[in-house]
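A.B. asks: Below: one structure in structure tokens.
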Amino acid sequence: MRSPFRRGTLGIVASAPVSRTAAGSSTGSSAGSGFGLSLARFAGYAAILLLVVAVATPLLWMVTGAFKTSREIRTLPTVWWPSALQWNSFGDIRASIVNFTEAWQAAPFGRFYINSLIITIGGMILELVNAVLTAYALAFLRFPRKNLIFVLILAALMVPSQVTIIPTYVLLGRTFPDVFGIPSWINTYQGMIVPGAATAFGTFLLRQAFLGLPRDVFDAAKVDGCGHLRLLWDIVIPMAKPVMVTFALISMVAKWNDYLWPLIITNETAMRPLTVGITYLFDAEGNTNYGVVMAATIFVIAPLLAVFIWAQRYIIEGMTAGATKG
Amino acid sequence: MLGGSPITMPGTDRSAVRRRGRLASLRHGSRGEAILFLLLVGPNLLLFGLFTYWPMIYSGYLSLVRWDLVSPTKTWVGLDNYQYLATNSGFREIMMNTLVFTLGGVGGSLLLGLGIALLLNQPLRGRDGARAVVFAPTLLSGAAISIVWVYMFDPRFGLIAKMLSTFDIRSPVWLNDPNWAMPAVIIVYIWKNLGFAAVIYLAGLQGIPKDLYEAAKVDGAGVFERFRSVTVPMLSPINFFLVVTSILNTFQAFDIISVMTEGGPVNSTSTLIYYVYREGFVNFNVGRASAASLVLFVIMLVITLAQLRYSERRVHYA
């Protein structure tokens, strides 16, 4: 276990002059050799710049591609910056966004957006409600063999949804109509949302958070005759809000990006979310019309990027907390 | 109805109970509490039963039949599906692909992630912004970014081909070449996931007490020595966590492979999860697909249990 890891980290250190920077700057106060220090700093900044450029390049290639005409995509020498994004051409807005309008018309993106929003918001709310209620019960209510139920929920973490796609599909598409007399859930919103509405991760996360809340507040509330639902709504939820927001964001990202399950459970274009819809557009336009395809890709990515820019601290810190405390 | 149920809590004083409701004997109260418990936990448990536990049991049954997903009858074949997987050379290739994809994806994203974490742990301005940029791909739709990467890898119009051509190197045809398709999807996986590893490693690095480094310095340890004797051992729990979650994550990576290569060319990028999908929903070999999905499940279960054991042990000596 240990030896391959060690070999790996040595490789990193050997290739990165950066860890030297740390030594340089931490001893810097006494060293006084300003030149060495600033050289190390310079190397550090250069490395950060290189890193950011390297990671962002595919996204820049996507954005510039979305504004290129198909001639600009094909010609040599390479056109790096599309004419549509040159400052003197911004006047003609139609020419600049022609790929976007074409993509929007090539597939029912309005429908895809609505579907994605329904699946994401509906799924997130159900997951959050489930997590809050279960976590509250596990944290504050007495029940015989309560821990057994907790283990039963946690054990579901070990069954990834990818493993159960076939039987779940059979359950919704065959067993529901044939055995229970319920109309098939194939091609329905409930078929896309409900199988993912249970949550073990959220239950675990919120239960930990609830147990960490100061006990005396609850005791005081109980002495005042406060019932459990009042306690949950008025005290526990407001106090645990940051964790709940974090979980809601993580859940939202996962639902928006979900691909395999909606791909299987839908067979009509009108029911597909963005992630699935865009791959069908890609199959149709393929590598003949990258400009339009890149514009369509931006349709899928832009909302999440916006959410991330707005809430990145919540998301990153939430994910780190889950990992480092787990 | 819920709010009205008389409820007592352990440690609540009796007068409060009496004040709350005439009916509230302690016995009655704890029964109300149990009912409330079931009401709150019920939906989650019911959903898990219906969409996790029942499907697991059912796929055990499906793995023992031959069925095409539409015909009304399923033919019992016993262990034939497993025997097929055990002896079929195509499935051995699938397992090999899964192994290569996992090693490449996990190794690449963790090594680069650690390097990035070491860089971003330095007191440099702009590192929070850099952390956000590096992390962003983790959150983006795998299907969408796979399409972007198809354009990146395009042998005529792609950025990579254009950059190679400035060095007079002819671009491979990446996704259409059985030798290059796997490296291509691994590159995309690494790009998408190194940010997660970096952020977790960074949190780990920031949790290492500074005085350990000071002590090592007093002992005359150089930068390299300090890294080896302080950073590496202190990061080892986090490293283990990342190795395990990344392995599980690569086993589930479906969208990149589905969009970029559909498992091809000639099955060279078909991993276990893609095989399950293709056998089940394209070739309609439900039995075979179910057997393969249980193979996938057992592998993941073993890895998860190993992690649980390890982290339990960690709790004991921590």
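Placed from the backbone N, Cα and C atoms, the Cβ positions cover glycine too.
Whatever TrEMBL says is automated annotation, not expert-curated.
Remember, predicted model here, so these are calculated numbers, not experimental data.
The domain 'ABC transmembrane type-1' annotation in TrEMBL covers A:113-311. Among the features that TrEMBL reports, transmembrane segment is placed at A:45-67, A:117-141, A:148-172, A:192-210, A:231-254, A:290-311.
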A.B. asks: Which residues of the same chain, at least 6 past either end of the transmembrane segment (A:148-172), have a Cβ under 8 Å from a Cβ in it?
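C.D. replies: Distant Cβ neighbours of the transmembrane segment (A:148-172) are 134, 138, 184-186, 191, 195-196, 198, 200-201, 203-204, 207, 260-261, 264-265.
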A.B. asks: Give the nonlocal contacts of the transmembrane segment (A:117-141) in its own chain as ranges (CB under 8 Å, at least six residues past its ends).
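C.D. replies: Distant contacts of the transmembrane segment (A:117-141): 149-150, 153, 189, 192-194, 196-199, 202-203, 205-207, 209-211, 218, 228, 231-232, 236-237, 244, 247-248, 251-252, 255-256, 258, 262, 273.
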A.B. asks: Which bits of the chain, at least 6 residues beyond where the transmembrane segment (A:45-67) starts or stops, bring a Cβ under 8 A of a Cβ in it?
C.D. replies: 16-18, 73, 80-82, 84-85, 96-97, 99-100, 290-291, 294-295, 297-298, 301
A.B. asks: With a Cβ cut-off under 8 Å, give me the same-chain residues at least six positions beyond the ends of the transmembrane segment (A:290-311) that come close to it.
C.D. replies: 59, 62-63, 65-70, 72-73, 99-100, 102-104, 106-107, 109, 112-113, 245, 249, 252-253, 256-257, 274-275, 278, 281-282
